[in-house]
Amino acid sequence: MNNSVDFGGRPFHFIGIGGIGMSALAYVLAKRQLPVSGSDLRPNHITRKLESIGTHIFSRQEASNLEFFGSKVSSTEIELNTQEMFPVGKSTLPQVVCSTAINSNNLEYQAAIELGCPILHRSDVLAALINDYHSVAVAGTHGKTTTSSMIGYMLLEAGLDPTIIVGGEVNAWEGNARLGQSSYLVAEADESDGSLVKHAPEIGIITNIELDHPDHYDTLEEVVDIFQTFAKGCKTLIGSVDCETVRELLRNASGDRQQPTITYSLHQDTEADYTVTNIDYRADGTTALVWEKGKALGVLKLKLLSRHNLSNALAAVAVGRLVGLEFGEIAKGIAGFEGARRRFEFRGEVDGITFIDDYAHHPSEIRATLAAARLQARPGQRVVAIFQPHRYSRTLTFLEEFSESFSHADLVVLTDIYSAGEPNLGLISGENLAEKIAQEHPQVVYQPTLSTVCEYLLKNLRPGDLALFLGAGNLNQAIPEIITTLCAPATATL
């Protein structure tokens, strides 16, 4: 692929523009008044939002889509903004952007090669944007979306007006991206396909490192290599020493680095730069006293409940201090942050049943999310975990770990595996996982489809239950159906 990105006015065409990562980039480029088009076979609210700001989106993927901007220029009905976009002699063949999910037999991808269009990976565009700004890039196996969103919100509330690109939707800016007018950029940096190595931000954060994405990585060592390369490219590196792998990476990198390294921890008995004491988990959130290099800064309050979100907040504190914010400004921003969608997101309450949607799909994420649910649950309240496994490769690789991840749930309801495009080789199924979990947890029910999940929950959820829908697939589509059905004889709080 061609790694050179042209922000000078040459069009961009995104293959699969409706994806969460692709759409965020397309949004920022379109808001920068660059010509953007894209295609997606499954139009959604994200593509409709892009269309509302002038992005042309095709619902079919065809070679002719790449000639859209050329036809606009040659048309006798040229709009004024099109003339401005394409001065005389400017190439109208687009830069074609794709993600790892797009394979080489895609019609638009093949057409791009034949036409000689520059072909960019999604990460190339993000890397170029990171280089264009005073940038903060958040990396890590878990917590990227929440941490980057929290930092973005904190800087926004402090008046720094950042550009923000994250892997989830945030109500504060009604989407997964916003274009700011300042020189600051906050971005989520994805490690899933190895492209993390392309990013060289001014401030880089590593929240934690675990083996995940077994479709791309065979060993933890391979994952660590990617993060080590990322770390070397950061002018300032921030890392959580509560993760043993991050701690080891920082230790090994310290001798090679001329740049500052900043650490944070939930344990004051470490030598971390930022720590906390007096942690208090309440139904309405979390409070803690924050320390900076042994000096008390003040009390931090979060609307989010859990240890992992407090850790994410410490990363935000470190960033805030680096960019010159007073602790009061930092605390105000973090206190107002309500989280990202599908990250322990409240979806409704009816008949005393609370519905929560969470993206957790790795064993560690499930454990942390259910632990947070148990903290929030009232005495006697059941925690019901409804889980849709994501990818055959992940389910097979972490079969043992998944079986040990549901100890905080009173009842586990399991669906079949959401393939995310992977072929079913017959090596693992949702039913196999249910049987494995049942060895550790006596209350496990297997319901293979969304319709059978809905039927089961409508019959078996009780008033007072805390129902958590877990997974990165489409399980959350069942929530509105269940709430609507329950609402027939009752009144829901949405």
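From the backbone N, Cα and C atoms, a Cβ is placed for every residue, glycine too.
What Swiss-Prot records for G140, T141, H142, G143, K144, T145, T146 is ATP binding site.
For G140 (ATP binding site), the same-chain residues that are 6 or more apart in sequence and have a Cβ closer than 8 Å to its Cβ are T147, E191, I205, I206, T207, N208, I209, S240.
Highlighted in sequence order, V138, T147, T207, N208, N312 have their Cβ within 8 Å of the centre of the Cβ atoms of G140, T141, H142, G143, K144, T145, T146, the residues recorded for ATP, and are not part of that set.
Every protein chain considered, the tally of other Cβ atoms within 10 Å of the Cβ of K144 (ATP binding site) stands at 25. Annotation note: T146 (ATP binding site) sits in a helical segment as assigned by DSSP.
For T145 (ATP binding site), the number of other Cβ atoms no farther than 10 Å from its own Cβ, over all displayed protein chains, is 24.
Long-range Cβ neighbours of H142 (ATP binding site) (same chain, at least 6 residues apart, Cβ-Cβ under 8 Å): T207, N208, E210, H308, H362, S364, E365, A368. Look at G140 (ATP binding site): DSSP puts it in coil.
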